[in-house]
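See structure below.
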Amino acid sequence: MAVLLESSYGKNLVKFLKVKRDATNPKKQEVIEATCCVLLEGAFDESYTNANNASIVPTDTVKNTILVEAKLSDVWPIERFAAHLGQHFVNKYSHVTAVNVWIEQQRWVKYDVNGKPHDHSFIHQSGETKNVYLHYFRNGKYDLQTSIKGLTVLKSTGSMFYGYNVCDYTTLKPTKDRILSTDVDATWYWDSKKLGPITNIERLANAGLFDNGYDAARKVTLDLFALENSPSVQATMYNMSAKILELVPEVEKVQYSLPNKHYMGIDLSFKGIRENNEVFYPAAHPSGLIKSTVGREVKAKF
Ligand SMILES: O=c1[nH]c(=O)c2[nH]c(=O)[nH]c2[nH]1
């Protein structure tokens, strides 16, 4: 006898671009381009186990809801829209017990024309996205995470790696000057106890919490990447995480997943060239992959 252990369903890859016009100057605009996935959990078991569709809110309706609510509600910042969608589905359908919302936001950035950001022309910084995940439960609990993904960086010096474990399998040479490159995948977990009920997210968004958190996490990542003489990816990602926790008290923990994208020296000795620390070969594979989650120390209560 089979038993349904878990289920969720909804619509994936629902895309929109929304334009926001300045109240006093309608040619001055902002845009958000987003790709959404909303999956519902709840009393849907009979649709799987008994071919009874009565409980199913069609995925087509889920798609319509995302687009209608994108028109009717404020989607800046995108955390606000995730919270709005989560509440909408729980409030509208009494048999929905939880909602998963993933939103990927493209990075459209105004570019300078005549020395200042143009009012409505943007560059797509493709590759990099801002991602939000919300898991909202009918009992009011929620998990909210924001991420930067696909931010590719490289530094041509200011990175070292030595002092590591050496054994009979080791061929790597220690270095005090190497290229360091990665695709940043950084996630910060909002502390829902500090944020309060999900209805607070509207107010916190108005107060700039999510924009400030995003700006801080992005700036810390880029600044430390550039400024540290990195002893390892491990040490640098830990320092980035600790700094974000210091700057954004509403963040509970920070997770990084960083590939170490190798640039290999090329042996040009056949041409009598002994020193070649200038021309490198970008290795397609393999890459290192280093992950960490950094939280706050819990102080013992006496
Ligand atoms: O920063 C690094 N961390 C490692 O764990 C590692 N391993 C390796 O071969 N190179 C590197 N670099």
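Any Cβ shown, glycine's included, is placed from N, Cα and C.
All TrEMBL annotations are machine predictions without curation.
Listed in TrEMBL for this protein:
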- K11: active site, charge relay system (ACT_SITE)
- T59, D60, F161, R178, V233, Q234, N260: urate binding site (BINDING)
- T59: active site, charge relay system (ACT_SITE)
- D60, F161, R178, V233, Q234, N260: 5-hydroxyisourate binding site (BINDING)
- N260: O2 binding site (BINDING)
- H262: active site, charge relay system (ACT_SITE)
Quick one: pull the CA-CA distance for K11 (active site, charge relay system) versus V233 (urate binding site), whole Å only.
37
Mind running the recorded positions V233, N260, H262 against ligand 1 and keeping the ones whose CB falls under 6 Å of it?
V233, N260
Distance between V233 (urate binding site) and H262 (active site, charge relay system) at the Cα atoms, whole Å?
12
Taking just the CA atoms, what is the gap between D60 (urate binding site) and H262 (active site, charge relay system) in Å?
44
At its widest, how many Å does the recorded urate site span between Cα atoms of T59, D60, F161, R178, V233, Q234, N260?
52
Around the Cβ of T59 (urate binding site), how many other Cβ atoms lie within 10 Å? Please give the count over every shown protein chain.
16
Within its own chain, what residues at least 6 apart in sequence put their Cβ under 8 Å from the Cβ of R178 (urate binding site), listed in sequence order?
T157, S159, M160, F161
What is the Cβ neighbour count of D60 (urate binding site) at a 10 Å cut-off, with all protein chains included?
9
Give the helix, strand or coil assignment DSSP yields for F161 (urate binding site).
strand
Inter-residue C-alpha distance, H262 (active site, charge relay system) and T59 (urate binding site) (nearest angstrom)
43
R178 (urate binding site) falls, by DSSP collapsed to helix, strand or coil, into coil
By a three-class reduction of DSSP, D60 (urate binding site) is assigned helix
Record lists D60, F161, R178, V233, Q234, N260 as binding 5-hydroxyisourate; longest Cα-Cα distance in Å?
52
